[in-house]
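Enquirer: OK, TrEMBL features for this one:
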TRANSMEM  7-33  transmembrane segment
TRANSMEM  45-65  transmembrane segment
TRANSMEM  77-101  transmembrane segment
TRANSMEM  113-130  transmembrane segment
TRANSMEM  150-173  transmembrane segment
TRANSMEM  204-231  transmembrane segment
TRANSMEM  252-270  transmembrane segment
TRANSMEM  276-302  transmembrane segment
TRANSMEM  322-342  transmembrane segment
TRANSMEM  354-372  transmembrane segment
Amino acid sequence: MQGWITVFAWQATATSIVFLTATQIQGVIILNYDTYVPQGWHGTLLMWAVLLTLLVTNVWGIRFLPMIELIGGICHVVFYVMVLVTLVVLAPRSSASFVFTEFVNGGQWASDGVSWCVGLLTVVYCFVGFDGAIHMSEEVKDSATTIPKVIMLTILINGTLAFGFAICLLFTLGNIKEILSTNTGYPIIAIFYQATGSKAAATAMMAGIIIIAFSSGFALLASVSRLTFAFARDGGMPFSAFFAYVDPHYHIPLRSVGLVSVVIMLLSLINIGSTIALYAVLSLSSLALYVSYLIPISLLVIKRLRKQEVQFGPFNLGRWGLWINLFAVAFGIFIIIFLPFPAQPNVDASALNWAGPLFGFLLLLALADWLFRGRFYYKGPSQEIGGAEELKYDNGVEISAQHAKSR
């Protein structure tokens, strides 16, 4: 069940990144061409174009992935500074009282507190996926210590930068009603245009964000495909033997890369009929990911409270570990309660947050798979046996030694 929840969550997350990148491009087109009328199939074709770029790079340009990620990281910092400077110099100013003391209950909830909690949906989405680096651990040197450091530094650095960016945006929002009613679909585009008064300048600023989105997409497709490969290798999926395969020429789990890409392509077709229906699928990512985090952390807390032996790796948080685990469980429960809430009360089906019902449906599918197939084939995480030339796992799946690493 945990495996399926994680796979569902990451598949939805990968689709959401492709969707956001494609629709940001579409938003820039809307900004620059007043006569352009966006259609659902336009967004789908743009999603396919973005996906094709990610797929080609992950198959034929995989050796360039570290360089792409490095360039993306550099652009992340450079564009961050450029955008902040531009907004601070050119954008209209909001007062400090507006930024720090005024509350806007845009969701029309009876309580400002509930409105604030529901508003966390967007914020939480920006920080999900911090476990993505774990999916690449078999291809990382000294992963037992390197991966935890990467996860912590990622949150520390990006959390700090995001807080600074949020404060800057609040001081430079300008006309809130105007930016929220933008036909581009992205208020940030309206903020850039309102600040600079130039479509060309706003386009250039958005180009930086799109480049960063692309760079994250490359790594995300690699990460989700490795997760899918590992789950198949453990016998967790139908046709596990087929998808738990590493191509001897490209030295990547090619079939898993293809599976993730095909699912994204098929989900993008939903956008032709209903963008709202696609949003329902994409909204699943945050809820499912937090459930996937909560389950193992809760089990670890129970084991630690019972004073049962826990076999730690070379990286652990010492005496602070239990308290951090307890806080993680408390926050996880809190955020999972509000993630399925709609943006506003008393909504119809078109504005409902379908993450909860969809998550429940997927849980039923996962349970059915366990009852009719999984319990006969799933053996748990695989353990390596065998020599250096070829590695076999206890479920009988073979992979090349060039891909496998000691775990």
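Even glycines carry a Cβ here, placed using N, Cα and C.
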Enquirer: So if I exclude everything within five residues of the ends of the transmembrane segment (204-231), which remaining residues of that chain have a CB under 8 angstroms from its CBs? That is, six or more out.
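Expert: 3, 6-7, 10-11, 13-14, 17-18, 20-21, 24-25, 27-28, 50, 53-55, 57-58, 62, 65, 68-69, 71-73, 75-76, 78-79, 82-83, 86, 129, 132-133, 135-136, 138-139, 188-189, 192, 196, 237, 243-244, 246, 252-253, 256-257, 259-261.
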Enquirer: Excluding the flanking five residues on each side, which residues at least 6 beyond the ends of the transmembrane segment (45-65) place their CB within less than 8 Å of a CB in that stretch?
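Expert: The answer is 18-19, 21-23, 25-26, 214, 217-222, 225, 250, 252, 254, 257, 261, 264-265, 268, 271.
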Enquirer: Please figure out which one of 7-33, 77-101, 113-130, 150-173, 354-372 racks up the most CB pairs under 8 Å against the transmembrane segment (276-302).
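Expert: That would be 7-33.
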Enquirer: Establish whether the number of Cβ pairs under 8 Å between the transmembrane segment (7-33) and the transmembrane segment (252-270) reaches at least three, counting only pairs separated by 6 or more residues.
Expert: yes
Enquirer: So are the transmembrane segment (113-130) and the transmembrane segment (322-342) touching or not, going by 3+ C-beta pairs under 8 A with a sequence gap of 6 or more?
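Expert: By the criterion, they touch.
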Enquirer: For the transmembrane segment (354-372), I need the partner stretch with the highest count of C-beta pairs below 8 angstroms, choosing only from 77-101, 150-173, 252-270, 322-342.
Expert: 322-342
Enquirer: Using Cβ atoms and a strict cutoff of less than 8 Å, what residues sit near the transmembrane segment (77-101) while being 6 or more residues removed from its termini?
Expert: 161, 164-165, 167-174, 191-192, 194-197, 201, 205, 208-209, 211-212
Enquirer: Short question: which residues 6 or more past the ends of the transmembrane segment (322-342) have a Cβ under 8 Å from it?
Expert: 117-118, 120-121, 124, 286-287, 290-291, 293-294, 297-298, 300-301, 304-305, 351-353, 355-356, 359
